[in-house]
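Chemist: Quick paste of what TrEMBL says about this protein:
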BINDING   R66, Q84, R89  substrate binding site
Amino acid sequence: MSSEKVHVEHCKGVNGLDKVILREIRRCSAEVYLYGGQVTSWKNAHGEELLFVSSKASFRPPRAIRGGIPICFPQLKSTGSLEQYGFARNRIWSIDLDPPPSPSDISHKAYVDLILTHSEEDMKIWPHSEVRVEGLETLDYLDNLKNGERFTEQEDAITFESEVDKVYLSTPTKIAILDHERKRTFELRKDGLPDAVVWNPWDKKAKSMADFGDNEYMHMLCVEAACVEEPITLKPGEEWKGRQEISAVPSSYCSEQLDPLRLLLRG
């Protein structure tokens, strides 16, 4: 298997922002903006876009990019004392020119290592010199539409008929999002991130958001690994790692043995 078809391109994106385009031998691709270290595109071998980015996303700092896979660090929403969702998604990341050793099984895959270093402004609110950023029935969740009140999920599967903004606690390491209309399943696997955020603004809120199309809520769903209930606290010299991996497969490939948080999307 030749690695010559693996391609990593550093180029300019929307509004001149730097981005990295990754293309691998099966013709899958991904785009990552250095602004926010944010994945804004993920296409399969057929060129089908698998991520949602709003058509009204501004791509103008300091506003965060609406959609894709953002990095919300060191806090989610207003759970801490810093700016909402933290500062990592509003900073310019850089390409790590001396990355750690890569696993031996990715020689035929395109990849890039991004790092975020602190600025003098960050140090005023984040005074640490060594910081590294690296299923749902019966589960408890926090409902952000009810002031973060805690409830227990009673449904066998989550469906969407109105606005949803919940944080599910102590979730499994594997989550499945079932898209019946397109007969595919998104599998989210995670480590070090025990919770999961589920969000859809629905029609009323969508219309009130300047960087979100009025009807785009019908074409997206936010499901992201998180650490909300018990924030990570590091002592000097300690290190924490969190990982999220997303794959898309035909629904017939998704085994019930995944014990997933099952999210049913209705068209």
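Numbers run from 1 along the shown chain.
In case you wondered, yes, glycine gets a Cβ from its N, Cα and C as well.
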Chemist: With H, G and I counted as helix, E and B as strand and the rest as coil, say where DSSP puts R66 (substrate binding site).
Modeler: coil
Chemist: Whole number in angstrom, please: the longest C-alpha to C-alpha distance across R66, Q84, R89 for substrate.
Modeler: 14
Chemist: By a simple count, how many Cβ atoms lie within 10 Å of the Cβ of R66 (substrate binding site), its own Cβ left out?
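Modeler: 21, counting other Cβ atoms within 10 Å of R66 (substrate binding site).
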Chemist: R89 (substrate binding site) has how many other Cβ neighbours within 10 Å of its own Cβ?
Modeler: 20
Chemist: Which three-state DSSP class does R89 (substrate binding site) fall into?
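Modeler: It is helical.
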Chemist: Can you tell me how many other Cβ atoms are located within 10 Å of the Cβ belonging to Q84 (substrate binding site)?
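Modeler: Counting Cβ neighbours of Q84 (substrate binding site) within 10 Å gives 12.
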Chemist: Through the lens of DSSP with three states only, how would you label Q84 (substrate binding site)?
Modeler: coil
